[in-house]
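So the structure is just underneath, and the comments pick up after that.
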């Protein structure tokens, strides 16, 4: 289940990077599962797309062949979403019927299946924001960055909850001694995981506003450490979520803070005797954090090429996975 959600997140990122997300202008749970078959059906689908802002403003010279590419990208993402729903709901119903689920696990399974359904509705709510006519705006049509962040955030919660459930069921628990240092380590791991989650979520605002294309230099932003237009919007709070410069700046700071926290966590863990598997989780977390920073800087300097940007987004899932694995390794320590 976690793997299916991870695939949906990665595919959703590629759909966003190829600007394919607004190609399907309807939402039908069953009807849209069958793609257009004939030339006439394709032309009818293309004509529907032509009624909306993205075609009128951005893609007015698009050919039918180009439209088919972006349509199939969005179609793949939506179909994958339906597969995710089936991967959760069908086995859950089977295990429930056979009586294999404990009472606490039943509640968790119901919550996960409910979150899958909510995620699908949230996806359409997000797409809808990019299809609305905005007469007073000359900007490139795009989905609301708030709804994009909510859609990604919901997917990350679903992924994290599924992976955590899987790890607690599959991995045997360590009987770790209760020491002050180990309790502190557990607290650090929880804080670091929250920071990694927040950094990944801030990436949704970067993607939603195309903020990765604003300042393509590192470590400085242009010629300055702090750019002049950091607080250009009024009121000031709007800058955090709507100013591309501030959004990129915040993502940089959160990324640097995350890798610093992971490094400090690794150094602190070296002073504590840990089981081999737990030590492996700590080392893996540091390795993935370093790779993720390298991917982020490379994506920025190379003006956000799609393959690299998609790999960077996948890296955020990998980093979150390592943090959750480490959390599960330490879960026997009392709070």
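Just so it is clear, glycine is given a Cβ too, placed from its N, Cα and C backbone atoms.
It is 109-127, from the ranges 33-51, 52-70, 109-127, that TrEMBL records as transmembrane segment. Among the ranges 147-171, 222-246, the stretch that TrEMBL annotates as transmembrane segment is 147-171. Distant neighbours of the transmembrane segment (280-304): 17, 212-213, 215-218, 255-256, 258-259, 262-263, 265-266, 269, 274, 311-312, 315-316, 318-319, 322-323, 325-326, 329; these residues of the same chain sit at least 6 beyond its ends, with a Cβ under 8 Å from one of its Cβ atoms.
Stretch with the largest number of CB pairs closer than 8 A to the transmembrane segment (192-215), among 147-171, 251-268, 310-327: 251-268.
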